[in-house]
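In TrEMBL this protein carries:
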type	residues	note
BINDING	B:267, B:271, B:297	Zn(2+) binding site
ACT_SITE	B:268	active site, proton donor/acceptor
């Protein structure tokens, strides 16, 4: 039995209605991006907001909070039970800390800000967005103060997205990465073995053909389509879990540069696999979901970069590509491999390659940290952005859309979110090298034995759901926390001869 | 302004979270029948049940109930405000009346019963289903007693599905219909102008072709696809409203007998139109939905039977049919009209034509009423069923699947539901003749001016939502309540020369 203690059992019973609201909200979110008629948004927005407030109220019901307090004083809880207490205490702490006016104001300002950001980006007008970003930074600083922090206010925001992540972790990781990535990148560029761009980026495909390729790829991985999952189409690919038995991914079809559709499917598969492999006994409980954004991104990046961009994976899907895309016959698997792995210092984060990606995060994290501490002002951001990206990557934005206005995140109020992308890249590489101690990954890929890779992930990470806090989970799985050296090892071994 | 009274405004504000749960549950229900992966049902069932209980709890919160009580004592409420009070008082009354153990037992028994019913039907084994039906009848009788009734316990159950409907209404309506329908049916059959079956029933179509026909039909009607609605595929066609701005219909593609797919689309369009034409000011309020099953079915039957099975509609869609179905060129519009309007006394309700359909309901209502009063026992039902259907239609079931086990409704605990189907047929015909006083319906159809028909429906029925109780709405619109004479007039004029 996973849950034995009676107090914990009571908590789980009472929690189920909160879980049910979350289930409904997940479906509503998925539907809004896939099938909802356009004007449905009016009522969907009201419903989402009402259910968010209701969910908070239920979490803060005195009898529920007391039960969680009571459980926290029991000494002989097992790990699952401790996990339940940890997750709920954290949710209660956050819900209690933030005054309703702040939550409402954040929601109001960011809803407007997203709209204004879109216009500002289109019109290349930073001044238009500036007052909103100022307001958001101000609200984020207030949020940090209400949540409480010891060493740096940015700590409080980081923790919202990645439980236990601190500014000093981010400094340590990004400091190391900056130095090391620049060293590797210089070499990769001077060796010139990996191209900066590829002819295949321009090749057009028909959506029906690409759909078949994506489905066959998911079939190779054993994705339980129709049984416990689906794949649909949305403007931006994402994974949504309605629970352990219903995890859905999306992709998009731009009609050219087919790796973007394929590798997004492989990426989202990695997210979905995490949720699908959580122990079924954790269904509808407070720990029945992936533990954090960083660990989640680790699973998706592992599949996208470690599996999806490998020579062996290209070998395996080459016949599938050839069957459905006419133009492939003019290219060898090696060509495809280099097409999957161009290295090009560029301005846009979402188009960045494996080697340069984390430098984009570095830039954002630096700015966020200083905005939150008050060292810099929103006014200074465009100049800092442009100078830093040039310093890091040798490229300079010609306009705001290529620079400070490129990402939606800040307009949504997500400050402290970006570092989880880098954590994902680190965890993926970390998983690779620990897995290599036990499993010959290239051979497994070549033999299409993906199941063994998946089982390894299940045992080390997935099955636990949110039982352990992120750092504890990593320590349990790998004997260490977020460790950037594997990522550097990975890009050195892959990109340098 | 629709809502002016401050107490009513408070009620509507507090109600919004209950509405939000309903919105989520509607989406969850729609998704379960359309896109949900198979195993998703495990978690969906938990979520639906948790949210149902939560919704009841919120309806019964003392401060909410007090507010509704307070509002009910205010004298100068406008009609919308009175509607809010009426709808909420009814929901509170029902929620208060039924003890939780009964609700739970009903839910448990019917969940099992649906599974057993399916097996029993397949295996032609009434005895297998009998104990469940006995239990359900027992629970239904208890439900009636808890709800309270004056003249007949069946009253309490009828009212659950059709506010204000009484056994005496059903007796009056069905007594009249039995006599009159049999008279008309005998003549229709002896005249032989309307065929009993048609060659087109066997003709096969490709799903893609039929999809185009359905879409073009919906376009003719001005259905706001993508904007405020969708059409999808499910095992049984249905309409689901997420509110006034997101109303979705489904159909099915069996691959032959194309009228079944097309007329189901026209039927569901009728349901959807009702929700789509409700006054936008009623959004997210207790009266922002169709008022009852019978009135709703009136809208769908109007479109299916009065519009969809008319000579003029066949004229209008003939070119569309010809474009997409090869076999149509061998048939005239007149052939199609008779194919749409075969008259055949038969055993299966769902396949019944316009003339005989209500006799199937009559049979069921008679049995339900007597089961609830205790005049007959479940043991007697198969024999009564077989004798009655033979008496009414001259056909005799060869097995239980063709007889007493054909419908899912009783296994779901829906006793008192069937009569709303007949109310729908009555309201459709009633609407037709009242509309004819103002609008030349055949001409409007021929000219594809469906909008004028829709506007008429909006003004008379749709825009009010649940502002008026069903009988009051009919009186306001037509100066009378459910009136069966129009239905008889309709089938006489249509089917007799």
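Cβ coordinates come from backbone N, Cα and C, glycine included.
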Can you give me the Cα-Cα distance between residue B:268 (active site, proton donor/acceptor) and residue B:297 (Zn(2+) binding site) in Å, rounded to a whole number?
9
Around the Zn(2+) site formed by B:267, B:271, B:297, which additional residues qualify by having Cβ within 8 Å of the site's Cβ center?
B:239, B:268, B:270, B:296, B:299, B:300, B:301, B:303, B:304, B:424
Report, as a single number, how many Cβ atoms besides its own are within 10 Å of the Cβ of residue B:267 (Zn(2+) binding site).
25
Below 8 Å Cβ to Cβ and six or more residues apart, same chain only. Which residues does that give for residue B:271 (Zn(2+) binding site)?
B:239, B:249, B:290, B:296, B:299, B:300
DSSP-derived class (H/G/I helix, E/B strand, else coil) of the residue listed as 'active site, proton donor/acceptor':
helix
Residue B:268 (active site, proton donor/acceptor), number of other Cβ atoms within 10 Å:
25
Conformational class of residue B:297 (Zn(2+) binding site) under the three-state DSSP mapping:
helix
